[in-house]
Amino acid sequence: MRLTIVNNYDLRISNLQTEDEGKYECSTNYKGLLLIHIVNLFLLNQPTQLAFQNSSTVNRLIGTEGQDLLIECTADGGQPAPTLSLLVLGTIVQTGVQELRYILQNIPRIYDTTNVSCEANSDALDIPMTTTTLIYLNLMPLMPVLSAPFVSTLEMIPFSISCTSTGSRPAAGIWWMIGETNVTNLASSQEKQGVDETFTVTSTLTYTVDRNFNLQSITCTANNTIGGFSNQINLFVRFPPDVSVSNVTYEMSDPTRTINCTADGYPDTYIFYKWQQRSLYGHIIRELDGDTILRLPLVPTTLRYQDNGEYVCTVSNGIQGTDGEEKQQGAAKITVYAQPVFTADNDEINIQYGEIGKTVDIAVHVFSVPKYIYNAWFINGKQIQTSTKFLFSESAAKVEDVFHGKTVKVDGYILILTINSLTNEDFTNYTLILENGIGKSVEHTVVLERSTPLKPEPSSSGVVIGSVCGSLIPVLLLMGVLVFVIFKKRKGHQQCENTVTFEKTDSDDHTHSYEDVKNRGKTQNASNTNRRQSPTKNYEALGQQDVPNTYDNLSDEAPHANRDLSPPRIYEKLGSKDAPNVYEDLTAKDSKEIGGQSTRKQYDALGQKEAPNVYDELTNEAQYENRSQRYLDFIRN
């Protein structure tokens, strides 16, 4: 029998079988008390197999460089369930019971051909069970290596260059580009496999170029299904003569500024012509005397930024190039670090315009090498902060400036201050301050003016017209006298300065003084011929209690641009005692001479006792009588 009782009622089972597993009970009676003991019997079983689930038939974990690699290890069987451990590069990276999973993220190529081990441990094992596999990656090629740091060749003479790619699995293909030209089909390739089963591929390109390929890049690209890299070198094509000029950088305070020109051709006897300074867009700024060395002329320090540009050295050795020209040129860039400059094209936008309630962009053009590191906008001495009202922006742009007397386009910047919902208070001066770490900070002020007149409020038009008409009647009578006096004096061709002064007291006990000052020309014909030189007349209205004075420009001279010379009348809402005096413009302008421009008069709302008097121009004699009639018509209406 396999079951026997030994010692103190111990159960011995011989030749354990699978069917012996189960629950065993032992009962005793101790002093009349029944005791039951239960024992569960399990058999220890070793795992039957330990393996990597995604391993290939040749015991390899196949992965791809730069992608995630999943590692799974599973133990079959075992009682109790075995504990598994995963070792990568000698370090335990994951554990599990019966099975485990681990992901190597973005696996780099250093894991290629390294071993990964999985260990199983349990009470049924005297020593751990172990299995090992090899990480085997599909690899992109390493950076290709060119056989020379650059290629220098003569025009129309073949050159050869080799490119070698290593470390790829599978083998890489190689592509050749010269500038934008694909020349791969003119290259030959060889490949071989190393002991690590990676491939080395060498491609050799033989090609003939002309001068159009000079300074272009030669690019070698090695690529396979995983990815690839490119490497490039410069191609220098020499032709007689090959003229080279080196780029140089100076600061505005450097006392000496030179640039060297080297001619490399055959024969090596050269004629040097005048140097040319050009803008970066090819416009000739000036010509300078020099040969292999050009010494820049001394100019004021603040103007040395104008030395920026391309400098062209022109050389001839008597040998024509393939283009048939003897004169060959080389060019280089001179960079002058100087304080920022507000360019000449700002002169056209020093006064900018906006409309009430709308948005305006105040733009300033800047040339700054190096680029400014500080910029700030100010209004009335106070720095403007970004808000819904004020926004700042900038952009690189071509701007226009004067370099050594020549107007040129240069690479600069446009800085914009955006002002939203314009109000009367916004029409003022705006100052931009810049600094780039060279020299001093600079500032520029832009004037924002209103481009359109204020519109009258319909609800108050009746009050305004009534008050205006009531105030104009006595004044217009006085104006008729003034017109008559002036007309009589002009009839007599008097060449003197006439002053007519008279006063009027209105119903509010305000005393108004009116003064007409004229500087007459020598003759009536001269006055009519040269209308743009007519005298300027100023009319002042003085109130009893500091009534503000409003002066209209009634001269025949052409006003500033963007003003309307037509005489629209705009009346603002007035108080019950406001009595503005408004007179139509009596100036007969020559519309052709003025260029179609017009002037607008705007009359603002005044306080209760403000009564500005505005007198229109009375210059052209031929129209005085007709316009007097117009005043009388206005009174009747």
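The count begins at 1 with the first shown residue.
Just so you know, glycine gets a Cβ as well, placed from its N, Cα and C.
As recorded in TrEMBL:
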DOMAIN    128-236  domain 'Ig-like'
DOMAIN    241-335  domain 'Ig-like'
TRANSMEM  463-487  transmembrane segment
COMPBIAS  504-519  compositional bias 'Basic and acidic residues'
REGION    504-570  region 'Disordered'
COMPBIAS  522-537  compositional bias 'Polar residues'
Quick one: mean pLDDT on the domain 'Ig-like' (128-236)?
93
The domain 'Ig-like' (241-335) - residue tally per DSSP class, helix then strand then coil:
7 helix, 45 strand, 43 coil
Number of helical, extended and coil residues in the domain 'Ig-like' (128-236), per DSSP:
6 helix, 69 strand, 34 coil
